[in-house]
Each structure stands twice: as structure tokens, then as C-alpha cells.
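Visitor: Below are the features listed in Swiss-Prot for this protein:
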BINDING   26-33, 158-161, 213-215  GTP binding site
DOMAIN    17-346  domain 'tr-type G'
MOD_RES   His699  diphthamide
Amino acid sequence: MVAFTIEQIRGLMDKVTNVRNMSVIAHVDHGKSTLSDSLVQKAGIISAAKAGDARFMDTRKDEQERGITIKSTAISLYASMTDEDVKDIKQKTDGNSFLVNLIDSPGHVDFSSEVTAALRVTDGALVVVDTVEGVCVQTETVLRQALGERIKPVVVINKVDRALLELQTTKEDLYQTFARTVESVNVIISTYCDPVLGDVQVYPQKGTVAFASGLHGWAFTVRQFANKYSKKFGVDKEKMMERLWGDSYFNPKTKKWTNKDKDADGKPLERAFNMFILDPIFRLFAAIMNFKKDEIPVLLEKLEIQLKGDEKDLEGKALLKVVMRKFLPAADALLEMIVLHLPSPVTAQTYRAETLYEGPSDDPFCTAIRNCDPNADLMLYVSKMVPTSDKGRFYAFGRVFAGTVKSGQKVRIQGPNYQVGKKEDLFLKSIQRTVLMMGRSVEQIDDCPAGNIIGLVGIDQFLLKSGTITTNEAAHNMKVMKFSVSPVVQVAVEVKNANDLPKLVEGLKRLSKSDPCVLTYMSESGEHIVAGTGELHLEICLQDLENDHAGVPLRISPPVVSYRETVEGESSMVALSKSPNKHNRIYVKAQPIDEEVSLDIENGVINPRDDFKARARILADKHGWDVVDARKIWCFGPDGNGPNLVVDQTKAVQYLNEIKDSVVAAFQWATKEGPIFGENCRSVRVNILDVTLHADAIHRGGGQIIPTMRRVTYASMLLAEPAIQEPVFLVEIQCPENAIGGIYSVLNKKRGQVISEEQRPGTPLFTVKAYLPVNESFGFTGELRQATGGQAFPQLIFDHWQVMSGDVTDENSKPGAIVKEKRVRAGLKPEVPEYTEYYDKL
């Protein structure tokens, strides 16, 4: 146990080479929080008696009840290394005490925006994988997110006790399971890896994979055992590590190493990993769980484990826990792996600077980030808001990338839409206090240098969810985070008692602050809408809203899915609209954009802020666009970054650039509320073919052009086979064989289509993957559990948009019925308008 004073931590913060910022990421229920507990216990923040069941990181009541992590929380740990260990660190270090900032993030798919926020402020990730279940859909998603942020992973294979106690595997089987898991992690890493990072695949023989049991509180790496044996046999430790994994065998008769699994007489030899590492563990388990009273003391003496007075009377699982914790304490193995193999901020910011900073990569601010310089101008990124213990206020939670942040310092608070030299989305305020985040509590601290994670008090009124804090007006923003999920399920919320309305409005503001991936807005008909990523996410948001943020009883409508409007063909004729004063005309055609281009826009590969030549290059080389068109993209819409484009195909039009702003504004408006039923548009490209403008500037102002452009966009879309797209979930279900029939029947009932079904080798479990329209997903979990007797556990994650087949104008078709219902609910005429409503004759 380490007794912390704030001064000691503050001292460690200055040695940035000895800081490690890391997050724990994994699939739901693979045991992140339990592992984090054993780390926290080592750093001396909770008492040893409670670890394992304390779930210290789960700070919220509902997290402890549901047994899942919802928000990500941060904690500082202290690790001290022996001089021998420090020698093995491949980067610059200073002394042998280390500060580890640990962020535990949720594994449940619906909360993956929380994971993104946690990843942005860290440099390394501890990826937890369940021995029995292996790599699942969410493991892959979070690992992909981490590699996209240029974060270096190390792996923990958790729940080894399950394999030993539940499945009773043999040593060789267990080795094969481990090897398979490591392999599948490396496949994902090599697929998504950024060349700048170099090879970040994980290898047990290099010490970047640990094997653990979070519940029992023990863990080991190959390196630890190599340490023990190299001292015992006087062999070189590095050589020993290589031999303790893979196909190497020790022949006890000849005392020689070999890579063949049989000796000279053809007798099978035992793999070194099994013989030297698994054997002592298996023996302990066998002796203790079979209550062999006489064997236990002999084994303990051999392994140099001493039991205290009352521990000698324990037996069974309780004794097993105590012994394994003494033999292989989890925190030692994990902290050693974190300190040895994860980068310090100094190392990481050299290659992460360009992905973090929006401005030019050679300006002084990017250079300061690259050098992690505590004396430069302040660059701090706030990744999310954390509610304080007194209701209604938030800590801004973020990381200092350059400079030093102090209490009472005057700073510039730049929201996500801020641009250098402009005034919007910018506040000049001073920071009231800087605090250290410690899980459930916070500690006040005077200042915090570059490379560390910090909480700020007093700026929550000026930031919505995330933003950049600097002290220099020339500094650009840090790049906005990319969320891998989008809010597609929405409900309308109203108060039961009309007097409570102001509280609801205030509560909605707070809710959207505290969760990075929730959308709250007011619809045209005056309803308050809350949109989330899935059923569970929405349920928790609404529960938060009712109990904490608004604190008033609410009425909640049944959930509705958001759709997208699109076109499937090119406009059948050129659409034309005239301005209200009849002096200006715009001629356009609409056509669909390929799904791949839309995805690239949504994932930020094709970016509206990029240089137009670079953007044209990608479009021409990767997607086969005409270069001239690709250079003349006027804007992306809606919100300036959506997957719809205006392309200027006009030839020699006078005054054209004067109306560009009006056209862009109109297009944003038209794509935000499409012609079919007022939803966002997606994958629509509008080509401006010709424009006739009045010679007098006064007759072609915004008031003339904007409505015209909006009408002509609508007309061209209605002429181009309009259709709607619905969101589709990717479902992953793990279940035993006898439950598969039930799964198929539920999926068929809900328009689902199965894409793969495979058995996990070495287990009786099957993994079924399927596409399920979000529209049909409500109550899916419940029905699935009924049909399979509670054996199937689904994971839903938003995957893609898919066009609904059928005519939108025919109310008897499936999409037509959806359109009609939505139009009636929004108070529009039930029929989809004809194109003639927006089309003007010459």
C-alpha cells in the first residue's frame, strides 16, 4: 500500500518520461473493472479486503447494480520498479518510480463513445480478452478505435480461472487457447495498424501479453517466470523468455532444449510453457481444490509462499485466492507490463501530434505537442464532462498536451467549431481550480504540466462536450473525436406536470453535456427529442435525466428510429426553379453517391476541411471520380460535414461566386430536412448545371437565392427515384448449440439476415452474426432470451444504412407506411409531395 500525498504525485508529474496514460478496453463482461480494481488496490486507494468485489471504478449506483461500467473514470496509480526492470525499458526514463494514469472504460457497445473519449487522452491501451469467449465484436471495435488514435496496445487474457475450474482443460489445450487468442488479436492489429506506429503486434515471449484472473486477483507474464528461472538456473533472461513460449521443449534427461516435441526415443516432451509456467499453477489448483492437506505445505514451501496465522485455516476457493495472490499478484504483473511496454507521453506525442492537431504540422503549437513541452503555450484537450458530487456542475476532464495549466489562469476556451481568427465558439475565462481525478473523489492541485490527465473546475458553462483550451490566439483546435456509433434511436420526452418544464429543459442541457454521444433537440412540432445509440444507452440516459439532471417525473414516448432520405438514380430531367422575383434561375440534377464515398466522408477520410486538391486526389484515385468535378465540390451537407455534396458543373457563369454562400446555406437546410419526410439526407450529390442571374446585385441577394436553391434541390431529388435508408445493427450472439434454432426464428420474425455462424474452437459455444434493422430491434433482447431460455446474449452495434426497397409514395409499401406515419406525426400533409410542387416551368 502506498500512502499518497498530493506533493508526491505532483513531483512525479514533472518527470514526464515516467508517466503512463493508459485506458482499459474490452468487450462487455470480460472483466475490465475487476482487473482495474486489483491495480487500484496495489496503488493503495481501496483496502485489500474489499478488492475484487468493490468494483471501485464503477462510481455510479446503477453501474454497481447492473454490474456494467457506463462512464469512464480515471485514477492515478503509483508503481516502483527494480533497477533491473528499468534497464529493460526501451525509452528514456528517470529514476524508478512511475505514475500510471488509468482510465477504465465501458465495454458495452452502446457506450463506445465513452471509450473514444477515454482513448483520446491516453497513449496506451490494456486490451482485456476473456479466455473462454475469445475476441468478440466489441473487442475488435475498441481495438480498431485505439489503433486509429495511434495508441499502442498490450493484451491481458483474463478469466484463466474459468478455464481451469469450469472447463477443466489440459495444459496443452490451454496453451492452444492462449495462442489462438493472441493470434486473432494480432490479425486485427495488423489489419488496422498505422505505419507510423510501427509493428505493435503483441507477443507473449516479449512480455506484451499477460494471463490473469481478475476475480482471484492473480496474473503473470512470461517475463516474470523467466526472471524466476533465470536466477535459479543462471541462464540469460532474454533467452529464457524466448523459450517459454511457442514450440520449444526441454528434455529433463539430457538437460537440453529442442524444438521437436519428441525426444530421441520417440517419447513426447512437454512444451516449456506448460512445464515451467502452467505446471506449478495447475498443481496448486489441483492440491487446493481437491483438499489434499498433506501436499499443500510442500508446494507452498517450494514456491516460497508464506501464510499468516489465520490464513492457514482456510480451504477450497478461499485458500486458492490467498495463495495465488501471494504467488502471482495481479498488480505486479500488470504494472510491470504497463511500465515496460506502453509509451510515456514524451514518446507517444512525437507520433501522435499530427493526428491530434488540426492546424499545420510545423507551427509552434504542433511542435510543442510533439516535444511535450511544459514551458510552451498551453494546449489542453477536454475530452468529456464529468458530473460533480453536487448536482448540476461538471468537471472538464482532459489532458494537457503542451504547456502547464494552473488554477486561476486566464485561458481561451475553444469549442469544436472554432476557427482561428473568428469569434464564434470562443470564450475567454479563467480556470477556477485544477483537480486530480481519483475515481470517486477529487484532490485539489495547484498546476499540472504537459503529458498529464487533469480535471478543471469552472469552465463547464462554456463547453458542450469537448473542446480545446489554449492561451494563445494563433492556436488551432485539437481534432474533433470520431465516434464509431451514431445516435439512431430517439424518443420524445415530456413532463407530467407542466410547471416542471424549465427543469426539463435544464436537465436536457446537462444530459447532453455529460454523455458525448447523446443528441437532444426540439422538433418542429415542439417535442423534446432525446436520441441515443441503442436501447440500453437510451434507457440509461432517460433514467439519468429523470433522477439526476431534471429530477422531475417524465412521460416518454415509444422509441422511434431515425431514417435517412436518399436517391437511387439520376434525375429523369433537369430540375429548374425560379427565384421569388422571377429574375434568377437555377438548373440542377441529383444523383446518388457510392456507399464507399459516403462512408469515407462519415469516417473523416474525405474531410471538408482538407485541401481541395488532396481531396480530389482521393476521390479520383480511390473512387473513380472525374478530377474536374472532384475539385469543384462546393460543400458537404448537412452541418457542413455530412455525406451529401454540391458539385459545380457550370461553364462560364457570371457572378457565380457571389451566390456561393447562399447556395451552400440552402443546401445545408435542404439536406437537414429532406423533401420526403423531413429527415436528414444521405448519399445525394447535386450537380449545378447552369445558373442565370440578374445583372443587378440587389436582385440576387440571399433572400432570392436560398429558397430557390432549396426548392430545386427538392425537385431534383424527387425526380431521381427517391428512397429511404434505414439504420441496421450488426448483432453478435454467443450461445450453445441447442439455442441456435430459437435465434433463427426470432431473427426471421424481425427481418434479420444471418451472415455467419461459427463454433469457437475448444468450446461448446457458437457465435452467430446477423444484420438486424434498428426498427425491429426493440424488445429483441427480451424475445431472444425467451426463445432460447436465457442462453443467448446479444450485442447490437450500429453497422450501416441500407436502402429500404419499395416505393416511398405508395402508402401500402413498407417504406411508404413509415413515411406517412412520420409525416402525420410531424403535422405535414400525409402524401409525399409531387416534384411539380418545387419545379418551375420556363
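Backbone N, Cα and C atoms are what each Cβ position is placed from, and that goes for glycine too.
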Visitor: Between Ala26 (GTP binding site) and the residue listed as 'diphthamide', how many Å separate their Cα atoms?
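Guide: About 60 Å separates the two Cα atoms.
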Visitor: Which value does the mean pLDDT take for the domain 'tr-type G' (17-346) in this predicted structure?
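Guide: 74, rounded to a whole number.
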Visitor: Could you tell me the C-alpha distance between His699 (diphthamide) and Ser213 (GTP binding site) in angstrom, no decimals?
Guide: 75
Visitor: Within a 10 Å radius of its Cβ, which of these binding-site residues (Ala26, Val160, Leu215) has the fewest neighbouring Cβ atoms?
Guide: Leu215
Visitor: Within 10 Å of the Cβ of Ser213 (GTP binding site), how many other Cβ atoms can you find? Include all protein chains, please.
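Guide: Other Cβ atoms found within 10 Å: 31.
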Visitor: What is the one among the recorded positions Asn158, His699 whose Cβ has the most other Cβ atoms less than or equal to 10 Å away?
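Guide: Going through Asn158, His699 one by one, the largest Cβ count within 10 Å is at Asn158.
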Visitor: Could you tell me which three-state DSSP class Leu215 (GTP binding site) falls into?
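Guide: Reduced to three states, the DSSP call for Leu215 (GTP binding site) is coil.
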